[in-house]
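To start, the structure under review is shown below, and the notes come after it.
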Amino acid sequence: MDSILCMILLILVRNHASEAARLNHPRVLLPIFEDKAINFTLEVDEPNCYKWSSSRQDLISVMPIYKGFSECAYQAVVTVRTHDRRRNTAIVFAEEVQTGETLRSDVIVDVIASLNVRTATRQLYLEEAPAMFELHAFDEQGNEFFTLEGIEFDWEILEPGSKRPTAMRYLTFTDSPYHTVPPTIEKFEADGKKGHMILLEGINTGTAKVTIAMPQAEYKHVRPVEVYISVLANIIIEPSEVTIMAGDSVSFRILQLKMDRLHVIDNNQYYLEVEDSSIAYLRGNSATGAALGRTQVFLRDRNMADSDEVQKGPSALLTVAYPNRLSISLLPHLNWVTVQGEHHAIALDLFAADGQKITMGTKYSINSEVDESFFAIVDRTRNGSRLFGQAKKEGITQVYGSYKDLSVQAELQIFEELQLAPTKVVLPYDPNSLKPLKLQFHASGGDNNYAWFSGNPQVIQIDTQGQATTEIRDVKSAYVNQEVLKDGGKLTAHTTVKVALSKNQKISRVAHIYFLPPERLQITRSNFETALKDFVHVHVGVYARINNSEVPYTSCDNLHFQLDFSQPILQLEGNEGAEAAHEACHVLRLRATAVGTTSLRVSYMYMDKVLYDIIDLYVFEPLVVLNPIENEVVLPVGSSRNIIYANGPQRSFTVAAEIIQSTAFDEKILKVSKLEFDTQNLITAFTVLCRELGETQFTYRVHNSLPTSSFALYQSEVTTKVHCVRPRFLKLYARHNLRDSCPLEKRTSLLFLKDPENKIEIEIEVHDSNNRRLMNISSLGLDWEFSAGEERYQKNIIPHRQISELEFNHGVTLPSRDLLVLTLSEVATNFRIKGTVSQYNDKLLAQHGIHAERPPFGIKNPQTGLIYTPLIENEIRLHAVNSTLLPKDYMSIFLASGYSERIPIAQGSGYLQLELSEAGIVQVEYNENTRILVLTPLRLGHVRLELTDRCLMNEPSHLSISVVGIGAIEVVSMDRLERTTRIEAIVRLFDTNDNLLLVDQSKLSAYDLSEVVADQSILSVRLGEQENVGPGEIRYTITGNQVGETKILFQSGKGIYKVASDPLNIQVFAPIRLFPRDSTLVVGSSIQVYFHGGPHPNTNMIISVEKEQVATISSTVVTAHKLGTTKIVGKCLLKNPVTGKDEVVSQDSVEVHVVALKGVQIRTPLVRIHSGAVMPATLWGLSDLSPMILGTLQNTKISWKVSQPQVVEIFNVFTTAGIEYQSGDLISVRVRALNPGKATITASVTLADGTILPPATVDLQVFKTLELVTPNAIKMDSILAAPRSILQLKSNMDNVVYKLDDRSNGIVSVTPDGLVHTKDSLGRDLIIATTADQSLPIGIEVKNVQYILVTLMPILKLRELEHKIPRGMNFVFKVSLHDNLGNELSHNIEDFNGLRYELGNKDDVDVQIDNNLTFALNLMRETNNVIGISLKDSTGVKHSMDFIKLSVVESDNLFPTKTIFSVGDIICFDSPLTLSSTWRSSNEQIVYINKHTGIAQVLSHRLKPGEKIEITNGDETKRGGFLKYDLEVRESDTILFVKSVDTFSGPEYRGQLVIRNHLQSEKYSNLIAQNVSKCARELGSVPVNFFTCRLAAKDALGRNLLKMYKVDALFEPSIGQYSCRLQLLTGFIELLSIVKTHDVYLELEAVVAKGVSDKMSLKLVPGIKVFPESVRVTDLKPHEIHISGLDKALLKVQVKPSDSKYFAVDFIEHGHGLSKYRLELFDDLPLDENFYILVVSPDTKQSIEVPIIGNTMLAPKCTDRRYGGPLVYRILENLGFVLTTTVIVIISIWVYMSCFQTQGVTQVNFEAFKKGKSRTELMQQSGRSSQDDTFGDSFNVRNFSPDRRRPPSNALSESYIYGHPRLNSSNRSENSTSFS
């Protein structure tokens, strides 16, 4: 017992101990950090009052957590305070205040030794919540630290490969919708740091490595943790199981589950892999069967490493089988009976032997046949297994299917579309009414054999004819469906009726039927009044309630309605055919039996509740027209008539009804007014007045209107037709006498009965063109004329008056008849009365404000088209009538088989006697019943027909008849038309009398016209519409079928009677199509619009812009001005000879969009390029704006910068030629890779308005080509080629045989002679070249072309740096092909690809494409253009176009700029090219040019106007760059002296003149040069042979002087003029002796080759002579100057010193013919300066300088010392000068022999040594003699030396950017100073 008690006590104690308070962690491990204190919270599980303490305050500190103001805490924060990096332990005590119980926790501090990551999974799924990863730390013993709160860690996601996308990303807890932010890392996320917990989210499938490291310096040794995490996707393969045939393919779809929905994945991340490639193989997602069998297809992820075996991807089962059976079915109902409008799919399926359906791809196809008129195919699969379509036409058709030897057939039956009416029905439910309701459902379509089904037969039954009968009895039956409504009420019953085809019951239509009890009755609509014997339709609506709203019954014919009438004037009749109004279910059809008023009450009782409604009804007499009885009015303009109506609705005084009367008519034609009168009768009258011509209906309507919704309009109306017409015929009625032979009755005889008052009443009737009598003619003016016997008509000779008789009807006036009343004393024989309707009564019309037509009663002449007033007249003969029987007296009839003319006889009695002047020409027949005269031609000729009226006493009528045929045919039409369009051709027929044939348009076949088209495939001709054609014209329509030219003619007749028109040549052209189709421009840019198609030649093409504020067009260049969109419209106009007007024969339009340039981008073909390679860099606009557009912008600044100039450099394509584009033209540049490295190219663009676009950059990497350095490699020939190219191998030896290596993979093929063909495959191959004892391996690599590069062929250079291309330049470019590394491909290929080009403006640049991938540009015009060069076949070429900016301007170094010259012109060409370039002329017989100097002379002219001579400078023969000048040479047909009158002094005279064409009115010199002085220096003597000079005189004295002068023609280079030179052959004294003091006049004439000449008059005034010609000063003694000449000239001579400070000239004396002057020298005369004496003679117009030559070797003090005789004195005096001259000559000879011994010998100019030359002439001639006589040599027999030295001054005038050519010469002397 004690043991038991002890046991119980121990258990109690144990339980108490177990329930005592405890700390949450009795042992805690915390980490140590240098600059971080780690916190950890200890907590007692019972919230009592505890005091906290620590055993080691140096290791840790304890901070209690107090709640409110209490000093008790059951929680405390332990903080690590030590930084000692070793393991220590401290104890935390928690003492309970009340009990003293102490709790302890051991806190261990230590350093972190390792890390580890804890997570629930190492796999993430796309589109799922991010996963949390938590880091844990451990000490050296593997114990885990309790907390890492507040410690920062480095988390890094590393991808296994750089090419794979990032698999996952960090996600903060704040951004995650699935997580809350943990308190321990809340501060870290705010600071953007990462702690010990993190979220990772998968964004792409793949595997990534997550590395976690500690950034603290004290823990750098801790090894980072690496965790591999895979990101997967929820993916399935569709189809999962499929059977295909061998060779066929099936496409698998990869579907990913995202947000519970499947999405198709179409990126390249996933790929499929087949398990057994012998059964099937894959290409992308398409599997192709290879052999019969079964295998699996697995899904692989490219982002997943090959070693990842985390998860086997989804798979599909693929079976390859052979077809065993073919089936056919009609989906979706699997029934071959259908109706129109149904959509079906005809399924043709193959099945394997095991019954598996075979899925077909595109390899095989099933043939099918179906009549698409029955079943319209909308779509079909490529393999033919599914035909999607719609049933279209009723009928039966067969559907066939076949596959190889398998076939199948089915019969498709299509019926009319199935329809059911009505589709929604609401019916009454009344348990007291057992009468079933019958409701007819109407079905249509199908085969009319329907199956009807009731949704609930207990409620409604339906028979086989669609008639439904309600059978509802007890709504509580279990078979009755009662539905609960929204308002809590119950639907009595609901069921459906369905109709279906009997043969295919899946094709059906459904109607819904609802049964409800009635709630309200209402008469919804009723016409409360009606006419007698007409009906009142009372529409009764009964309403039920559903969902708190009323719903009308569809039908309630089974309900019994009670009708109660107050007066029995209506009776109920059957309502068959009456359609109920809206919301009415029953119609009461009541017939009116009596006139009166009644009240009707309609009621119905339901469940002791009476539902009723009341309405008042009225009956009246029907509305009718009283007058006119025929209910039709015919009036002329301005006349009126009254119309009377009776009965109809009347005003009611018992209901609030308003009677409404209205009329409807055309107010332009009629004016209507209502007549107001007081009458007891129910009469209404209106007056209608015709305002203008036309027909209209006058409708009178009257009804009563009630302001209630149930009111139904019952309108009474009567319509009267009113004709407002022109008068056309006048009829006069009286009693007449007839012939005895007349078969007419005697009552219409012409017997006049005289009354007692001698009055004659003639009834007047005016009819319109339809012979309708006008009811009132008061607005017409009638003129009356009278004649007795044979007298002419006279007006107003007999008293007469015109009256209108009226009648009255119910007080309304109505017209009766119009009469002409005459008063005659007697009636003469043949008394005639003629009435004429000539005009309107303008006064009456003015009263009504009516303006009648002008001319009055005008009709149109069908022949002339003019409007004229017809003759409206008639006459009465009291004893004889002279009526016109025929409308004309002449007519022509066309002779043709079965052709006849029919003439109506409108006048006369109708009984005629016919007589022909000649028989056999025409046959005449007359039908008295129809009164038609029929003329049938028999042969060509002329005959006269006489017609006599058998009743009337009138003269016979005569008709002249000509029977004609077709004499000529003329065709008028346009000669050009667009393909598929039509033009009209007018064929004019002329008869045999050369008159236009009157063509009967209704009998065109009688003319036997036929057309003959030379080529019927080009155009077709058919007969056109024959409206609005002229006399003798037939319209045809010509349709263009295809492009081409052909001839067409029209002909008629056969044999000798055949007549044909002249052939008409017609061109059918293609439609004009503008290009480019749709363009996008920026403001300021331009583009050229061009067109294809149109007629040839197209001389009238007009291109315009719709919105000129957006863009404008000049010529064909469109320039953008404003943002927006506009259209460019091109029209081709041709004159239509038919209409005589210009017509648009073809047009097209394109859209131009003007957008803002927001930015640019740099496009380069490569971003990695090897050193030394060159590639283009081009600016493109955003988005995708071509350089072709940007290159046309004006005033745009583009700057290019390179971050590393040592890595790459930028230059433009013209740099090698000396053209450096400035910023405005750098749209495209070249990039050359220099050294390995990385560089950034930046392009900045500033627009014309100052807008700076964002800079565009591109990063380039330049790498070094991999080469073998050690050991030294043997260099082997290797070829880099493009696919589909041909190369010819050639070695240095003969008899070499080429073949492929035995291990060749077939990439290329080679012939034994070395012709290599590359194929489409890429890769490397090896060719072996073998001889008898050697072999050479030749490697060849076939690579795709990455880009093309256009390079200027460096053949020409410019002298000076240019920033634009000089106009006239011709460049040659080559196009190189490069691979993806920048290597140039071998393209010694014959027609590798061919080039094509695009130009911004095609008119400014001439492009010539060569066969060797080169092209030439001819820049003859200034332009701001861009050319794009590309390959014609760019297959496989990624960057197949290169762009070059062409900025061409007129260069200052280019001369001449004009192009028209005439014979005799000397042209000094100037070129910006270097002096080494050569000049050439295309025809040296016309223009000869020195090939070195560029000086040309025009020798002759071309006979053809406009033919050009080409002058080139450069290297044209080697296809290099060159300049070209196009010269147009014209005949010199005008010669003109500079002066017409002049004076000359006698010894010599030169008359300057100019030779030119008559159009060159502004030409004054024949030397055309930019630098005349320079050109003159280089120009030698010029032979002149195209004009001659003659001297003549009119008086005897002048004729005596002619023999003393020599006259010749010459060219003076110094002044650039041609001259006629006179040279005196005798002495001057002899000339003076003859002339003496007389005035002598001579005439100088210059004559060109064709005799055109000009003359000038010369007055001979002998000049003065000065002696000595120079004064040599040896001392200061005076000198005498003698001047001889005529006395009259000497008296006016002026002699002046050049400087009066140092010497003076004094007059001494004047004798006969001689004047003397003294020269006085002053002592201070400087002898080292130049002085002269100036002699001026005004009469002879001479100015002579006499130089004073001083001796500087002698000092002034020695002037009196003499050394012997004069000779010795002279020698000693000039000894210094002689010695100096000798030394200079010797040195010059030595230099010449040393440096210029290879040069030609300079010709001596002997003109310099002739006597009688003035100083000025000597200087000029000496200057000319020092020049190269190159031009003279050019035209003389002497040979021209090409190495002739130019003068130094000329060389110095040039500047070169490539160095002086002579300085660069190899034989130049090092010490030469010629160019210094």
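Backbone N, Cα and C define each Cβ position, glycine as well.
Database features (Swiss-Prot):
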- 1-20: signal peptide (SIGNAL)
- Asn39: N-linked glycosylation site (CARBOHYD)
- Asn383: N-linked glycosylation site (CARBOHYD)
- Asn547: N-linked glycosylation site (CARBOHYD)
- Asn776: N-linked glycosylation site (CARBOHYD)
- Asn882: N-linked glycosylation site (CARBOHYD)
- Asn1412: N-linked glycosylation site (CARBOHYD)
- Asn1571: N-linked glycosylation site (CARBOHYD)
- 1776-1796: transmembrane segment (TRANSMEM)
- 1797-1876: topological domain 'Cytoplasmic' (TOPO_DOM)
- 1819-1876: region 'Disordered' (REGION)
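Structure coloured by features recorded in Swiss-Prot.
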residue	record	DSSP class
Asn39	N-linked glycosylation site	strand
Asn383	N-linked glycosylation site	coil
Asn547	N-linked glycosylation site	coil
Asn776	N-linked glycosylation site	coil
Asn1412	N-linked glycosylation site	coil
Asn1571	N-linked glycosylation site	coil
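A distance of 82 Å separates the Cα atom of Asn1571 (N-linked glycosylation site) from that of Asn383 (N-linked glycosylation site). Calculated from their C-alpha atoms, the gap between Asn547 (N-linked glycosylation site) and Asn39 (N-linked glycosylation site) amounts to 70 Å. Figure note: comparing Cβ neighbours within 10 Å for the glycosylation sites Asn39, Asn383, Asn547, Asn1412, Asn1571, the maximum is reached by Asn383. Within the same chain, the residues at least 6 positions away from Asn776 (N-linked glycosylation site) whose Cβ sits under 8 Å from its Cβ are Leu635, Pro636, Ser639, Ser640, Arg641, Ser804, Pro815, listed in sequence order. In the predicted model, the topological domain 'Cytoplasmic' (1797-1876) has a mean pLDDT of 35. Between Asn1412 (N-linked glycosylation site) and Asn39 (N-linked glycosylation site), the C-alpha separation comes to 83 Å. Asn383 (N-linked glycosylation site) sits 74 Å from Asn39 (N-linked glycosylation site), taking the C-alpha atoms as the reference points.
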